[in-house]
Amino acid sequence: MAIDGYLWMVILGFIIAFILAFSVGANDVANSFGTAVGSGVVTLRQACILASIFETTGSVLLGAKVGETIRKGIIDVNLYNETVETLMAGEVSAMVGSAVWQLIASFLRLPISGTHCIVGSTIGFSLVAIGTQGVQWMELVKIVASWFISPLLSGFMSGVLFILIRIFILKKEDPVPNGLRALPVFYAATIAINVFSIMYTGAPVLGLVLPIWAIALISFGVALLFALFVWLFVCPWMRRKIAGKLQKEAALSRVSDESLSKIQEVESPVFKELPGAKANDDSTVPLTGSAGEPSGTSEGTSVGNHPRASYGRALSMTHGSAKSPVSNGTFGFDGHTRSDGHVYHTVHKDSGLYKDLLHRIHSDRGPEERPAQENNYRFLRRNNSYTCYTAAICGMPVHSTFKAADSSSAPEDSEKLVGDAVSYSKKRLRYDSYSSYCNAVAEAEIEADEGGVEMKLASELTDPDQPRDDPAEEEKEEKDTAEVHLLFHFLQVLTACFGSFAHGGNDVSNAIGPLVALWLIYEQGAVLQEAVTPVWLLFYGGVGICTGLWVWGRRVIQTMGKDLTPITPSSGFTIELASAFTVVIASNVGLPVSTTHCKVGSVVAVGWIRSRKAVDWRLFRNIFVAWFVTVPVAGLFSAAIMALLMYGILPYV
């Protein structure tokens, strides 16, 4: 059958297929490296580099099997024997419908399934072309069933693996020995699965025709050799690396403690750059003691009629402002004294130049080293009412172990910090404006953590009528120790690469499956598509996926790697290994499961095991709803394009 007149459709198909591959990379890339980026074991740039290598390799070696299912397993192509151009138009419509919806979802940061998109789009154009008889509904039922089976199976496998790791490694007093013993097993399992997948699924591409027992034997042998290599070389190197890291941290902590204990009470390097302040009588008052100042200067030193307040290790003025010699802005330093005797300072700066400097004020010293009367300082937060940084500075302990020196305070001192009555490890303060922090900054609790300091009014904490969380009942989120982080850091990189390899093999079919059908129809002039999937088309799809990853992949990575549940290297390793194992098995049997479903199932299962409160169930609900929406929406887009081609273009060409 002469179809040379439809070359324009093939060219259009190649362009749309690349856009479709781009959308697959932008959305589904989070399935392979989202958890690795979320746990911090790799940066976004490193993830893009590794994913580019393994996505492309996986697409070339594993993509042919699933691509055949996408091309011929959803609709009966024999019904198009007399209308080849209609099937070609349908393949173009399927790619357009899938690409449009995935690009919209990526823009909305919504992780959806590329498999869902292409299946829905294929059904959509078939309904327009020849009605319901063109759809193999039993195959569709199997595919829909796999959408539920894949997250459940992947979640179950991830959960079991994480429980075993937690029992035998994470919960041990010293997790390193058991972790090092398990390394060869983990690496061997990963290598065995990959080798088996390449030799079994990619055998036609590689020109290998081997029985299954031979493939299994070769895979086991390669895995055994790799396990010996890990045991002899990687484990000793990892042991030295962990020991060196722990020794370095201990040495730095010891040196820091010794250095801080030698700092003079009147000497504060933090303020050496700051000039003197102007008091109300225009007399110059230094913000900190200088080298020439007598070391015996007391905290109660006064200058003129203006008392000098203690400022951590430095002595500072409670009123005035000064022009900074190292910036173009004004460094305001205003004092507010309340009836409780505490001095509150507002620091204004119209640029972020002093952010780090002021951050050091409160962190220069631990509470166990300062007298009970000395001040402690808070982290800076962006003031919502001003384009400057506002810091509330007052005498306030950050740890519950730091007790007030005068336990027999007068009743009016209850206006001060709640002290012993609260835990400083949980509650935090929040202030949003200049006036609110001035009025309430002392009546709060504080916690310094990786995300900064939030603030909550102490009036809420001390009010007996207010409900309060019971720390004993609150489930604590498990966090990896330093040695566990190092141990699983390397493992998660490997499993992320494994996941990327599996993702490329499974999802490249979503991008170039219709393109392969379009090309084979044009080349052979028939709809049966008997030829093997060309390797160069698989590579073309892999390049498109990598392009989408580099340009737009970070949007959905945020959702999968951080928003759904916090990820640590140990949990990330479990998620990656179990979900990738599920995907590879499905790819080998030719079942187009969704890598999104597998990864989401693993993330939720492991997050729920770590802590039920660690999972964002609202986000999970939205993702679950999106799984159902994707098929009909992609089908509608595809049906619209198919109607346009059939009734608006094909009759006139």
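Every residue gets a Cβ built from N, Cα and C, even glycine.
Given the ranges 110-130, 509-529, the record in Swiss-Prot names 110-130 as transmembrane segment. Swiss-Prot records N-linked glycosylation site for one of Asn81, Asn383, namely Asn81.
In Swiss-Prot, Ala36 does not share a side of the membrane with Asn506; the two are on opposite sides. For the pair Asn81 (N-linked glycosylation site) and Ser253 (phosphoserine), the Cα-Cα distance reads 76 Å. Ranked by number of Cβ pairs under 8 Å to the transmembrane segment (87-107), the listed stretches 6-26, 47-67, 214-234 are led by 6-26. Taken residue by residue with DSSP, Asn81 (N-linked glycosylation site) is part of neither helix nor strand, so it is coil.
Each residue in the topological domain 'Extracellular' (505-531) gets a DSSP state, and the totals come to 20 helix, 0 strand, 7 coil. Break the topological domain 'Cytoplasmic' (27-46) down by DSSP state and the numbers are 15 helix, 0 strand, 5 coil. Here the transmembrane segment (595-610) sits apart from the transmembrane segment (214-234); fewer than 3 CB pairs are under 8 Å, leaving out pairs fewer than 6 apart in sequence. The Cβ of Ser253 (phosphoserine) lies under 8 Å from no Cβ of any same-chain residue at least six residues away in sequence. In this chain, the transmembrane segment (532-552) lies out of contact with the transmembrane segment (623-643); the count of Cβ pairs under 8 Å, excluding pairs fewer than 6 apart in sequence, is fewer than 3.
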